[in-house]
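Let me begin by presenting the structure, written as structure tokens, before commenting on it.
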Amino acid sequence: MPTTANAKRKILVTSALPYANGSIHLGHLLEYIQTDIWVRFQKSRGHECHYVCADDAHGTAIMLRAEQEGITPEQLISKVSAEHQADFARFGVAFDNYYSTHSEENRQHSERIYTALRDAGHISTRDIEQMYDPVKGLFLADRFIKGTCPKCGAGDQYGDNCEACGATYTPAELIDPVSAISGATPEVRSSTHFFFKLPDFADFMQGWIDGGHVQPQIRNKLLEWFESGFNEWDISRDAPYFGFEIPDAPGKYFYVWLDAPIGYLASFQNLCEREGIDFDSYWRRDSDAEVYHFIGKDIVYFHALFWPAMLEGAGLRTPTGVNCHGFVTVNGAKMSKSRGTFIKAQTYAEYLNPEYLRYYFAAKLTAGVDDLDLNLEDFASRVNADLVGKVVNIASRCAGFVKKLGAGRLAAHCAEPELVTRFVEAGEAIAADYEAREFARAMRKVMDLADEANAYIADKAPWVLAKEEGREQEVLDICSVGINLFRILMVYLQPVVPAMAEQARDFLQIESLDWESRRTLLEDHAIAKFKPLMTRVDTDKIASMTEASKEVLAEEQKLKEQAKGPLADDPIADEIGFDDFAKLDLRIVRIAKAEYVEGAKKLLKLTLDLGGETRTVFSGIRAVYAPEALEGRLTVMVANLAPRKMRFGVSEGMVLAAGDKEGGIYLLSPDNGAEPGQRVS
């Protein structure tokens with residue numbers, strides 16, 4: 001990775017694309033703050049650096065959530081994009097362009113790359129068997145299949161791995177699998193899929209992996225995958241699917257992970273067209289520009305295996321570096337909704353200054369992939385000690401004397417040139433740390449300098465000298481040195497705390513805090529009246545933030561409930577005879593129509609087809625089922641229940657559903673092959 005500041009570099013930087021299906025939380029923010037700090041540093045050094053990102057807007061999950069909310073996928077991704085961009089702005093993440101993978105630019109680039117791979121013989125097709133939801137009419141990804149783990153017997157596990165024992169398996173091995181979408185039993189069906197022939201690029205990838213493009217830990221993991229053998233990569237999904245249709249393949253769509261990284265190109269092209277930048281000068285194979293992807297270690301497979309091979313096969317340049325980071329833990333544990341440590345960006349910003357978090361992350365970030373722990377007690381003490389107690393303290397101790405004794409103007413000469421020069425020269429080592437993404441090391445060096453500046457002021461004790469007649473100039477000289485040291489520290493901290501740096505720039509009455517500006521002394525220079533640049537972290541607000549982040553039911557209680565099982569809270573009823581049971585006439589019905597009931601917050605009006613007649617039933621399932629998701633679905637009803645007159649009409653029976661203490665409702669579905677009107681016995 002280049003480190004020189006003299007030669008102007010052309011750099012394109014990306015962060016992983018957040019999925020347009022949920023809110024930004026502190027775990028996400030680690031990556032965007034890390035990237036933003038690095039980009040701000042590069043711009044401060046005078047390089048041409050562009051930072052682009054986009055919402056990852058395709059896939060089954062987007063389609064299903066939009067259906068659940070009763071809006072189109074386009075409306076959903078537009079809404080989520082606005083939320084994401086507002087969150088990023090709160091935390092000072094300054095993209096040069098923020099876009100969407102659901103764009104015409106991304107469609108064009110996806111088709112161009114796919115066509116290039118296809119024409120070069122790197123795409124194959126073959127039939128595969130998959131789980132199919134007969135109710136929803138779609139093929140199911142592994143995460144949309146749940147059942148009992150075949151290894152340990154734990155229930156409610158996903159179709160590819162068990163969260164209880166860690167086992168991996170195929171959906172076909174899952175015991176009693178069901179669709180997590182409809183609850184139906186999946187069917188095995190065959191479909192033609194398109195594959196990217198990754199093994200064609202084995203030699204190229206061996207060289208790329210060894211080329212210094214990833215961290216050593218990531219290289220070792222890639223080599224493990226490499227040595228275990230490359231498989232072809234399934235890049236297609238069947239309709240219905242929200243995404244881009246594959247050229248010349250009706251009903252087949254690009255898998256979301258194919259067009260997601262291509263979204264980097266699309267977002268950059270959108271920026272290029274707006275700003276007049278030469279797109280090809282960054283992406284052609286012989287480009288001298290640098291391209292860096294910042295990602296989490298959980299998506300290395302896509303970015304460091306498939307992505308470079310795709311680019312190579314399409315005749316484009318590959319990334320200069322793929323920089324991976326670890327996960328965020330809070331107080332030494334996985335982020336938890338019940339403990340209030342699963343904290344959304346918006347919730348944090350309602351209680352605390354986002355720059356606290358930017359600094360804390362920087363103070364702990366290295367170039368490695370270890371997880372970063374946000375210890376809330378340490379968070380408060382470190383921010384208070386470093387930013388407030390050390391850095392801001394320098395300016396606050398000196399500014400008043402400059403105002404009083406120098407009429408707001410610094411001394412005309414520097415009383416400590418060697419000290420100031422040492423601070424200026426320290427910038428090269430700090431810059432090297434920033435460049436290498438060793439932010440924690442850079443922050444330690446900055447705080448060591450802050451300690452030295454405070455020690456200088458404490459040793460000179462201008463507040464004591466100010467009481468002695470005739471020493472006014474000496475006091476002004478000391479405090480002018482202090483202000484200059486503060487200015488240099490803010491140059492070094494500007495990438496980390498840009499809002500605080502902007503306030504400091506206003507206070508110092510200077511045009512820039514760019515890296516080279518540290519070399520210019522402020523002499524006989526007017527400064528503004530000092531205002532507090534940062535207040536201390538209020539631990540009561542931390543407590544309020546975590547309380548606001550909690551869910552009503554604690555996670556620990558849920559685990560206890562799961563361990564006990566539903567029978568502990570809802571014991572089996574008194575025994576009945578067979579004759580009592582035989583009185584119930586249970587029938588298979590098809591939900592022909594489902595409607596909201598005006599004035600009823602809990603009810604849906606269901607029109608049920610019994611295969612020869614229809615019934616109207618009012619059911620209290622509105623909270624969990626959208627009407628359009630129910631129509632066409634088979635369920636079970638009590639057909640001989642006496643009609644019940646309600647305020648909204650007459651209910652002619654009852655549909656059957658299971659429920660739990662948390663308010664969950666699970667409508668019963670018969671096995672495949674059942675028909676309306678059949679008796680359940």
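Numbering starts at 1 and runs along the chain as displayed.
Just so it is clear, glycine is given a Cβ too, placed from its N, Cα and C backbone atoms.
Keep in mind it's a predicted model, so treat the numbers as computed, not measured.
Per Swiss-Prot, the feature Zn(2+) binding site maps to Cys149, Cys152, Cys162, Cys165; the stated evidence is sequence analysis. DSSP assigns Cys149 (Zn(2+) binding site) to coil, not to a helix or a strand.
Annotation source Swiss-Prot lists ATP binding site at Lys337, citing sequence analysis. DSSP assigns Lys337 (ATP binding site) to coil in the three-state reduction, placing it in neither a helix nor a strand.
Residues in the domain 'tRNA-binding' (580-681) partition by DSSP class (helix H, G, I; strand E, B; coil) as 7 helix, 44 strand, 51 coil. The domain 'tRNA-binding' annotation in Swiss-Prot covers 580-681.
Positions annotated as motif ''HIGH' region' by Swiss-Prot: 18-28. Same-chain residues lying 6 or more positions outside the motif ''HIGH' region' (18-28) and placing a CB less than 8 Å from one of its CB atoms are 53, 55-57, 59, 61-62, 65, 76-77, 80-81, 83-84, 87-88, 100, 327-328, 330, 335, 342-346, 348, 357, 374.
Feature annotation from Swiss-Prot assigns motif ''KMSKS' region' to 334-338.
Compared over the binding-site residues Cys149, Cys152, Cys162, Cys165, the count of CB atoms lying within 10 A of a residue's CB peaks at Cys149.
Cys162 (Zn(2+) binding site) sits 21 Å from Lys337 (ATP binding site), counting Cα to Cα. In this structure the C-alpha atoms belonging to Cys149 (Zn(2+) binding site) and Lys337 (ATP binding site) are separated by 25 Å. Summarised by DSSP class, the composition of the motif ''HIGH' region' (18-28) is 3 helix, 2 strand, 6 coil. Rounded to the nearest whole angstrom, the C-alpha distance between Cys152 (Zn(2+) binding site) and Lys337 (ATP binding site) is 26.
If you take the Cα of Cys165 (Zn(2+) binding site) and the Cα of Lys337 (ATP binding site), they are about 22 angstrom apart, rounded to a whole number. Counting every protein chain shown, the Cβ of Lys337 (ATP binding site) has 16 other Cβ atoms within 10 Å.
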